[in-house]
Ligand code: UDB
Ligand code: ZN
């Protein structure tokens, strides 16, 4: 099983590389890796396992974080109905997104970052995503709320981007859209 020792930390060059696409259908090896990534999240969210192995409770993990520069990500979190949702995706991408942005009030952290970094990390409020699941089947989903934020955080890892790259240098708590600015918003949400 994967533990914190398998997770590389900031400063490691792999975290700054663009991950390679997976050739489809996924190989047995790639599927095994992705399964292990999802298992890490499951274990890390189990208080006994987390305690025993010293795991930080994770909601998402991208392959570059275990030093594999390939387009794979695992997510395990709750949706807006508090239902547990799991994604294990090859070649994930955002196919459309809202104009509206959002951010986590408490800021973001990262399993690959062993320090606190304060500030607003702007994210799209709603995204439509595509990817291939463990069976190699194409899936399309609409995500919003915390799940949308986790997906964008993990997708950033596949592009060599760290969450703090998105924090405004000279004013970490600057609102992404200043009050009074026109927010382009889709009334129907239809195209998203
Ligand atoms: C996490 N977890 O897993 F607001 F119920 C973080 C860590 C780094 C703190 C473990 C997290 O944010 N949990 C959380 C947050 C909430 C409410 C809640 C649980 N990651 C995953 C990661 O580093 N992937 O590369 C960081 C998250 C920051 C924003 C999205 C992902
Ligand atoms: Zn991260």
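In case you wondered, yes, glycine gets a Cβ from its N, Cα and C as well.
Taken verbatim from TrEMBL:
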ACT_SITE  154  active site
BINDING   110, 153, 157  Fe cation binding site
COMPBIAS  7-20  compositional bias 'Basic and acidic residues'
REGION    1-29  region 'Disordered'
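Other than the site residues 110, 153, 157, same-chain residues with C-beta atoms no more than 8 angstroms from the centre of those residues' C-beta atoms, the Fe cation site, are 60, 62, 65, 108, 111, 112, 154, 156, 162, 163. Residue 157 (Fe cation binding site) falls within a helical segment according to DSSP.
The two recorded residues, residue 110 (Fe cation binding site) and residue 154 (active site), have Cα atoms 10 Å apart. Long-range C-beta contacts of residue 153 (Fe cation binding site), restricted to its own chain and to partners at least six residues apart, with a cutoff below 8 Å, comprise 60, 108, 110, 123, 163.
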